[in-house]
Amino acid sequence: MQMIISVFVFLLLGGSLGCILGWAQKALKVEGDSRVDDLEAMLPGGQCGQCGEAGCRQAAEKMVKGELAPNCCPPGGKALAGSMAAFLGVELSDEGEDIPVRAFINEDECSGCGRCFKACPFDAIVGASRQMHTVMSSVCTGCRLCEKACSQGCLEMVPVLDQINTWQWPKPQVA
Amino acid sequence: MKYEIVSGPHTHGGDSSSLIMYQVVLALVPATLFGIYLFGLSALMVLLTACASALITEWLMLYWRGANRASVMDGSALLTGWLLAMSLPPATPWWVVVLGSAFAIAIGKHAYGGLGNNLFNPAMLARVMLLICFPVELTDWHAVTPIALGEHGIVLNSYWLGVDAMTAATPLSHDASALSPLALMSGQHAGSMGETSSLLILLGGVFLLWRKVINAVIPTALLLGLAVPAFVLHLVSPEHFLSAGTHLFSGAAFLAAFFIATDMVTSPASSKGQWVYGVGCGVLIYLIRTFGNYPEGAAFAVLIMNATTPIIDHYLRPAVFGAKPTFFKEGKA
Amino acid sequence: MQTLFAKPFRGGIHPTGHKERTEQSQIEKLPTPKRIFLGLQQRNGTLLTPLVKVGDYVGKGQLVAKGASDMAVPLHSPVNGTVVEIRDYVSAHPSGIKIKTLIIKSSEDNSWSENYPPINPDTLSQDEMIQRILDAGIVGLGGAGFPSGVKLRLAKQKGVHTLLINGGECEPYLTCDDRLMQEHASEVVAGIELMVRAIGAKEALVAVEDNKPRSIEALSHAASEIENISVKVVPSLYPMGSERHLIKAVTGKTVAPGELSVALGILVHNVATARAVYHALRFNRPLIERVITVSGGGIEQPKNLVVPIGTPVSDLLTACGGLTMSAQRLVAGGPMMGQVIPSPYTPVDKSIGGLLALNEQEVRDDQSHDCLRCGRCVSACPMGLMPFQMAAHSRVSDYEGAQDYGLNNCLLCGACSYVCPSRIPLVQHFSHARGQINAQRSMAQKSALARKLTDARKQRLDREAAAKQAEKEAKAAARKKKAAEKKAKQAAAKAAAGE
């Protein structure tokens, strides 16, 4: 008799828990991965494609899947890579750190075609058509899109040199 | 003239780690010599064996880890070996001593990442390991057999030379009323080298305080933590509990207070933390001695408090200049 | 007088003074250098615009460069001469990065270009006084180099009641403030009086460390007739020159972390600044020179020199008999907080109070090794921090952890490094961590800006597209209308013709 009761109790318990789980699976279902949206919000949104993806949304999707490293976004720089790595809970590898670059237009050779201006996703290039253009270095993220667009060969990427106010003490080598 | 990018300050007080270590060793010398006088050549052998094997193990570990082998002489390994020798019975067999020293250096120190990274006091870790693995050898206390002055000069009896031995018990393990605090202070009783003369240990401690190698917080806190409960319980029931004086001046209380608990690697750095740590050590020594199975609890007490050091250092921080002092800092976990 | 001889604050150290080398040497005037190098970028990155061209003649005291805001301190020519070049040149920054520099070739004539008539500062209003101090290009001569006028203006706005004059000079070797207080006590006191009036303070306290008895005597004598200026003696303890610690030592009050001293109604200025204020207000003379202690074991004849701003370090060394064979490191400022000088041709700027050539025994360079957690840094830290914990976090790039241990409160005074038996370069760890935090912050700001710009661009493109579309539609509608009209006309014509 006791055995029948206990079997019955367990069947009941299992059945009801199963029902609850089944209900929860439907009722509490999360559409997609919300982390993709969060990551996309963190990315610069320039759709520059330097990560090798079509756009920021696609990059965010791949990062969530783990197919792309959090430091894939050169315009975002180290700070963004750090915060995205922290968000995803992954380790950030130090390798492959590029020297930051900025676009520079040789204004003597610029014909003012305006192609770079149209290519810049950040509106960092100013100038009207048929006039020479120039780069606002404080805005330029070094995404290189304008470099590909320039037909005159007057636009190049130059490394950003330290100024006395941006120079930092290196980390001590020992201990 | 060199033009290189170096950060300030461009001067230094001149203190160095090995200077600290060697001053501690120097402070141990009087008590050690007295121990040898009391227990004879076997005590000297224990000391030499412990130090030599500690240094050899240190060199091997540094070699194996690819670290700078010159730092074998930085005094830290020597001090570990020395402290271990001070805490072992003078008649400990040489192979037990070697095993202990090697364990202290290899497991107690280098397994954690070398000097400065160990969680536990290496010498105490080794002593506890030996006590658990070799209880017979570690509780073989010899009676004191000092050098005596006879009619024809110095008389070295057979006990002193280590040919024979008289066993005895340490004051903490038998009826304590037999020995007065004065006798305990001067050290005329059985025990390990470091447990005999509290006065000479205190002398070394005062030297360290004067040289500012250690500060007074941990020793004071430890001795208070030991003496206050002892005093109270002795008042309540003198026949069951030893007096505060006996507790202070026997066993390794002073050695622990000035030389072991103050080990800077394994003790907290803030003054607040040092009080907590010191009192914790003292109280634990009392509890283990009085209610535990082991007659001496210093090693266990210090090891237990060592384990709390990281958390003490995290939460008990000094008050930031100008900020309202809070005892407990809610830090980032 | 309150008991100032007890230890006035927790922590601090007693570094070897080495002040005896220059304590007795009277302030001498450096011969006019052949060339003057005026950097056109401040330490904080602010750029100055030159007001002169290459080839222009400039007079002593003439304004040659100014910036866009009050935070950019104007520069005046310290000599009569000709601008020969404007080019990138090394500056007194440890990195050795070159900045745009105005180079002036000086003439023999050493007189002031204009005859500055003495003025009666009593006729000036408070705002006029502060404006003149700003125009004179005066910065804090204690080392921080913050524009004095800006500080005074803030103090006036916040209703500061006490002006605290810092004559602590706690850095080893340096005696320039000590000599200045002895030799020019009356000018210092006059400058203090003017500053008190400019900010509307009630009283001024001059704090001097007890190892400078002659300065104390000279200042007490000079200020004896003035009711609201008193001299306070503070014990010699490093870092007494820190604003917060000086305030604590003199008044017993503490400035809360993250707050400024003006919150307590106290403003701190250096003695040399007070003298510069006197010169600016009484004679209308800009800041073009300062007293510098040249000392250290690597200097043949240590001296206190009056040096025109922009003089290359090599001229100072020459005036002091040159370097000894053992000289190993050149430092601008004191040995504790001073920075290395990247080249002997580095020009001095307004915030450099000392030039030290240190030898090997003084530098005491040694290999650093693992932290023993000995806690000496914790005892030495005047800010009540745990330097070894901050360094441990910084070492593994956990800069937030370092901040949690109070990195932002750190003065970078170097007391911890001075006492560290393991020779850990703690100060460099903290400078590095702060640099990283700043860089991250500016990168984050830039990312946010980039994001904003992309969004704005997208909106603009959408708007343009919409406008184009609307235009197209309007055109199409117009065409349709025209066609309809034409059709209607034709139909009407047809109808007319048909009729």
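Glycine is no exception: its Cβ is also placed from the backbone N, Cα and C atoms.
Note that the structure is a prediction, hence the values are computed from the model and not measured.
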TrEMBL [4Fe-4S] cluster 2 site partner of A:Cys110, A:Cys113, A:Cys116, selected from A:Cys140, A:Cys143, A:Cys150: A:Cys150
Of A:Cys19, A:Cys73, residue recorded by TrEMBL at the [4Fe-4S] cluster 1 site of A:Cys48, A:Cys51, A:Cys56: A:Cys73
[4Fe-4S] cluster 3 site partner of A:Cys140, A:Cys143, A:Cys146 (as recorded in TrEMBL), chosen from A:Cys120, A:Cys154: A:Cys120
Whole-number Å value for how far A:Cys73 ([4Fe-4S] cluster 1 binding site) lies from A:Cys110 ([4Fe-4S] cluster 2 binding site) (Cα to Cα): 29
[4Fe-4S] cluster 1 site, defined by A:Cys48, A:Cys51, A:Cys56, A:Cys73: further same-chain residues with Cβ within 8 Å of the Cβ centre: A:Leu43, A:Pro44, A:Gly46, A:Gln47, A:Gly49, A:Gln50, A:Glu53, A:Gly55, A:Ala59, A:Cys72, A:Pro74, A:Pro75, A:Gly76, A:Cys143
CB-centroid shell, 8 A cutoff, [4Fe-4S] cluster 2 site A:Cys110, A:Cys113, A:Cys116, A:Cys150, site residues removed: A:Ile105, A:Ser111, A:Gly112, A:Gly114, A:Arg115, A:Phe117, A:His133, A:Cys146, A:Ala149, A:Ser151, A:Gln152, A:Cys154, A:Leu155
Neighbourhood of A:Cys150 ([4Fe-4S] cluster 2 binding site) by C-beta distance under 8 A, where only residues 6 or more apart in the same chain count: A:Arg115, A:Cys116
Rounded distance in angstrom between the Cα atoms of A:Cys51 ([4Fe-4S] cluster 1 binding site) and A:Cys146 ([4Fe-4S] cluster 3 binding site): 16
Three-state secondary structure, A:Cys120 ([4Fe-4S] cluster 3 binding site) (per DSSP): coil
Where A:Cys150 ([4Fe-4S] cluster 2 binding site) falls in three-state DSSP terms: coil
Whole-number Å value for how far A:Cys146 ([4Fe-4S] cluster 3 binding site) lies from A:Cys113 ([4Fe-4S] cluster 2 binding site) (Cα to Cα): 12
